[in-house]
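What Swiss-Prot annotates here:
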- 434-455: region 'Calmodulin-binding' (REGION)
- 542-573: region 'Disordered' (REGION)
- 1-13: topological domain 'Extracellular' (TOPO_DOM)
- 35-62: topological domain 'Cytoplasmic' (TOPO_DOM)
- 84-151: topological domain 'Extracellular' (TOPO_DOM)
- 173-271: topological domain 'Cytoplasmic' (TOPO_DOM)
- 315-359: topological domain 'Cytoplasmic' (TOPO_DOM)
- 381-399: topological domain 'Extracellular' (TOPO_DOM)
- 421-573: topological domain 'Cytoplasmic' (TOPO_DOM)
- 14-34: transmembrane segment (TRANSMEM)
- 63-83: transmembrane segment (TRANSMEM)
- 152-172: transmembrane segment (TRANSMEM)
- 272-292: transmembrane segment (TRANSMEM)
- 294-314: transmembrane segment (TRANSMEM)
- 360-380: transmembrane segment (TRANSMEM)
- 400-420: transmembrane segment (TRANSMEM)
Amino acid sequence: MEHMMKEGRSLAETPTYSVASVVTVLVFVCFLVERAIYRFGKWLKKTRRKALFTSLEKMKEELMLLGLISLLLSQSARWISEICVNSSLFNSKFYICSEEDYGIHKKVLLEHTSSTNQSSLPHHGIHEASHQCGHGREPFVSYEGLEQLLRFLFVLGITHVLYSGIAIGLAMSKIYSWRKWEAQAIIMAESDIHAKKTKVMKRQSTFVFHHASHPWSNNRFLIWMLCFLRQFRGSIRKSDYFALRLGFLTKHNLPFTYNFHMYMVRTMEDEFHGIVGISWPLWVYAIVCICINVHGLNMYFWISFVPAILVMLVGTKLEHVVSKLALEVKEQQTGTSNGAQVKPRDGLFWFGKPEILLRLIQFIIFQNAFEMATFIWFLWGIKERSCFMKNHVMISSRLISGVLVQFWCSYGTVPLNVIVTQMGSRHKKAVIAESVRDSLHSWCKRVKERSKHTRSVCSLDTATIDERDEMTVGTLSRSSSMTSLNQITINSIDQAESIFGAAASSSSPQDGYTSRVEEYLSETYNNIGSIPPLNDEIEIEIEGEEDNGGRGSGSDENNGDAGETLLELFRRT
């Protein structure tokens, strides 16, 4: 009985109510978390936030990966701890803490391996390791060391998920604060043309004054120092938002009534999928940090300042892009006073790739999470932590720096990156509303399925569809709250081209939106391999709740303004 009390009771010798109580608590907690994640995902699908739902799925994949690692490590820990190597391979230079911190002398460590294991292993693990390894040999990784590693990986994954969620939450709150500016811009676009031009020119002048009036702005070296200081004053101003918005709409030939703010929100949701999750380069970075974290280097202390340096570097670059655009507008105003506006292009960014800044932000968030995870691990997973906690100044500076940088990056740098990276040469796929994209995918999918059952001939060069075949495509919903159904009916092989025929014959900026749809359709057609010719009109009929009948050729006469072209629907979205 005394030997049993020292080593602990087995499951067979434990009362059943104790085992049942532990299982009940574990099942209840896991079920509660699983239901919460399920409800949140269901709400995202209901509100048609497909990008955020995809990000949630990626977070679930990360948690599943951590669970798999924990399962494998827990099941193989006993086997790994039985791998014995010579004690001479354990050089104290590669210890996290020095021997003095543990209070262990080198002679005792080398000559009395069993006693050393007894000071660092649980009693049950020591008993097995000492008999298996023998004199002069010891486990490659002890059982307790594997348990501590398991705790660290678990804390790292949970901390990274929480930091990613906090970053996106703060960034979204900042971006949503710009909605009032977007509403003003749309009202200006719908108001008198002369008044609109006057206000736009005023905003452009204010934008140039804020970013190009300082004497350092004309010096190619001092402007970097100026941009470095400007990033501390906060996010963008109203004049900056108006100028960048106008440049984006003009660059991509979009109507001035286009909702640029909703486009940024959709873009942010898409980019969230890239921020969430620990990619394999980040895992490699974490492994390297664990490997080189030897005593005397204070590696974790020095790398804790890497996020602060990168945040300032990214913020300076974003401010430099805005300042360069303002200087170009200023030069245009001195030359030709009419038509001065920003000119977005990829050449403004490093290596012509705006996405590099997003990757740096992803690394910043991971490094901050890694810093906090190591601190929690030291408190929770290591009993003898004298070498980790003896310098309170270093610990405090690491924690304060990590928290401040995380808040600064989330609330300032990420929103600024979202709007400034739109100044590249290409637009994101979010330029078209998600409901329209889903409907276009549904349309192309049905075209492909129908073509298999009709007398159609499809090839890489040509594609024809039977004129007598009528294809009804899925619902086009302009909002999740609408109860009416918008359907597309194609009555002949030449009924689809009028969307783009009207765009080709018009020079209005609004028709540029149709070209975006045409690009999207072309990419989708290339993916499915069947390209129906676009020659005639596509008619959209809106069926209300009271209309339960079929659709005929005389629906325009019966419903008045119910019929509309797909081009008009694209413009409204």
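One is the number of the first residue shown, and numbering goes on along the chain from there.
Here the Cβ of each residue, glycine as well, is placed from N, Cα and C on the backbone.
Recorded stretches compared: 14-34, 63-83, 272-292, 360-380, 400-420; the one with the most Cβ pairs under 8 Å to the transmembrane segment (152-172) is 360-380. Residue counts for the region 'Calmodulin-binding' (434-455) under DSSP (helix as H, G, I; strand as E, B; rest coil) come to 20 helix, 0 strand, 2 coil. Secondary structure of the topological domain 'Cytoplasmic' (35-62) per DSSP, as helix, strand and coil residue counts: 25 helix, 0 strand, 3 coil. Residues in the topological domain 'Cytoplasmic' (315-359) partition by DSSP class (helix H, G, I; strand E, B; coil) as 32 helix, 0 strand, 13 coil. Across the topological domain 'Cytoplasmic' (35-62), the prediction's mean pLDDT works out to 83.
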